[in-house]
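Enquirer: Take this structure, written in structure tokens, and hold onto it; I'll ask about it next.
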Amino acid sequence: MGLLTILKKMKQKEREMRLLMLGLDNAGKTTILKKFNGEDVSTISPTLGFNIKTLEHRGFKLNIWDVGGQKSLRSYWRNYFESTDGLVWVVDSADRLRLEDCRQELSALLLEEALALDEIKSHHWCIIGCSAVTGENLLSGVDWLLDDIAARIFTTD
């Protein structure tokens, strides 16, 4: 039994996942997290550093890291990659003036050596339009991500 199999079996018992939410400042990361947790989203302050929420959904324990997107914090994003099972990249599609900045930051992020994307045999990704404020389609995105991660990290025995 290899180390990866042992680690998968340990995670299987816990059914635990670590998700990382990144995006430009004011994209809606904290709003998504609060909405998903059933919290009030009428007053949201900028995230200085990071927020961590642990939630239960569909029998999974989700440790969600919401990391601030200010330009001064982006160089620290790589510090959060280790042990991350899934990445949520948040885009404020209503902020047309920053879409190019958003594209550039995502492109730079995907080149990070710490992600080791070149070692992954298949990349799974999905774009799901949703609303952080109303909650529309939030569950669709979360459910897709959970299904994808579960298929990769949990054993079936």
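Here the Cβ of each residue, glycine as well, is placed from N, Cα and C on the backbone.
Take a look at what TrEMBL says about it:
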type	residues	note
BINDING	GLY23, LEU24, ASP25, ASN26, ALA27, GLY28, LYS29, THR30, GLY69	GTP binding site
BINDING	THR30, THR47	Mg(2+) binding site
Enquirer: Find, among the binding-site residues listed as THR30, THR47, the one whose Cβ has the highest number of other Cβ atoms within 10 Å in the structure shown.
Expert: THR30
Enquirer: Could you check which of the binding-site residues (GLY23, ASP25, ALA27) sits closest to THR47 (Mg(2+) binding site), going Cα to Cα?
Expert: ASP25
Enquirer: Across the record's GTP-binding residues GLY23, LEU24, ASP25, ASN26, ALA27, GLY28, LYS29, THR30, GLY69, the largest CA-CA distance in angstrom?
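Expert: Answer in Å: the longest Cα-Cα distance is 12.
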Enquirer: Do any residues at least six apart in sequence from GLY69 (GTP binding site), in the same chain, have a Cβ closer than 8 Å to its Cβ, and if so which, in order?
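Expert: Set apart from GLY69 (GTP binding site) by at least 6 residues yet with Cβ under 8 Å, we have LEU22, GLY23, LEU24, ASP25, ASN26, ALA27, LYS29, THR47.
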Enquirer: According to DSSP, which of helix, strand or coil covers GLY23 (GTP binding site)?
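Expert: DSSP call for GLY23 (GTP binding site): strand.
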Enquirer: Mind giving me a neighbour count for GLY23 (GTP binding site)? Other Cβ atoms within 10 Å of its Cβ, every protein chain shown.
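Expert: Step by step: centre on the Cβ of GLY23 (GTP binding site), count other Cβ atoms within 10 Å, giving 22.
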Enquirer: Over all shown protein chains, what is the count of other CB atoms within 10 A of the CB belonging to LYS29 (GTP binding site)?
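Expert: Its Cβ has 28 other Cβ atoms within 10 Å.
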Enquirer: Would you mind ranking the binding-site residues ASP25, ALA27 by how many other Cβ atoms sit within 10 Å of each Cβ and giving me the lowest?
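Expert: With the binding-site residues ASP25, ALA27, fewest surrounding Cβ atoms within 10 Å: ASP25.
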Enquirer: Cβ within 8 Å of the GTP site's Cβ centroid: which residues qualify beyond GLY23, LEU24, ASP25, ASN26, ALA27, GLY28, LYS29, THR30, GLY69?
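Expert: Other same-chain residues near the GTP site: THR47, GLY68, VAL90, ASP92.
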